[in-house]
Amino acid sequence: MSNNQDRPGQITDESLRERLSPEAYAVTRRAGTEPPFSGRYYDHHETGIYHCICCDAPLFSSEHKFDSGSGWPSYWQPVSGDALSVVRDTSHGMIREEVRCARCDAHLGHVFPDGPPPTGLRYCINSLSLDFKAAHK
């Protein structure tokens with residue numbers, strides 16, 4: 001899955017169903033949520049960049065990752081200001097801010113106003129929506 005070379009406009013639902021696990025497809029295309037403490041990146045400490053599992057867009061840097069205690073990978077900011085889109089989510093009887101990949105519209109997770117300085121934000125992201133690429137040493 002880490003060698004995705006699809007470009008915007010070329011990613012089809014069929015190609016994602018073939019390439020992604022059923023769980024990753026449910027999270028990214030159906031706005032699902034993985035169980036807390038189950039994802040491969042919630043306790044991950046390597047240096048590098050977390051990319052979108054669907055389109056390979058860079059999303060988050062390990063430099064901005066922190067342990068929120070939530071059971072999901074958490075970041076206080078994205079890798080760039082245009083990496084994400086945020087939309088209002090009123091599902092499950094709550095009002096939240098849903099985080100999506102700006103390139104391919106994959107569901108990533110949610111952002112909350114309870115993170116650390118300097119932003120005060122907590123991007124709570126499903127591991128299943130991410131693909132980590134280690135920094136070159």
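Backbone N, Cα and C define each Cβ position, glycine as well.
Model, not experiment: these values are computed from the prediction.
Taken straight from Swiss-Prot:
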- C124: active site, nucleophile (ACT_SITE)
- C52, C55, C101, C104: Zn(2+) binding site (BINDING)
- 13-135: domain 'MsrB' (DOMAIN)
- 1-33: region 'Disordered' (REGION)
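Taking the features listed in Swiss-Prot, we show where each one sits on the structure.
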residue	record	DSSP class
C52	Zn(2+) binding site	strand
C101	Zn(2+) binding site	strand
C124	active site, nucleophile	strand
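Spatially close to C52 (Zn(2+) binding site) yet at least six residues away along the chain are L59, C101, R103, C104, A106, L108, S129, L130, D131, judged by Cβ distances under 8 angstroms. Report note: the Zn(2+) site is defined by C52, C55, C101, C104, and the residues of the same chain whose CB lies within 8 Å of the CB centroid of those residues, excluding them, are I11, I53, C54, D56, A57, A102, R103, D105, A106. Neighbour list (the residue listed as 'active site, nucleophile', Cβ cut-off 8 Å, at least 6 residues apart, same chain): S68, S70, W72, P73, S74, G109, H110, V111, F112.
The Cβ neighbour count for C101 (Zn(2+) binding site), using a 10 Å radius over every protein chain in view, is 22. Here the domain 'MsrB' (13-135) is broken down by DSSP into helix, strand and coil counts: 25 helix, 40 strand, 58 coil.
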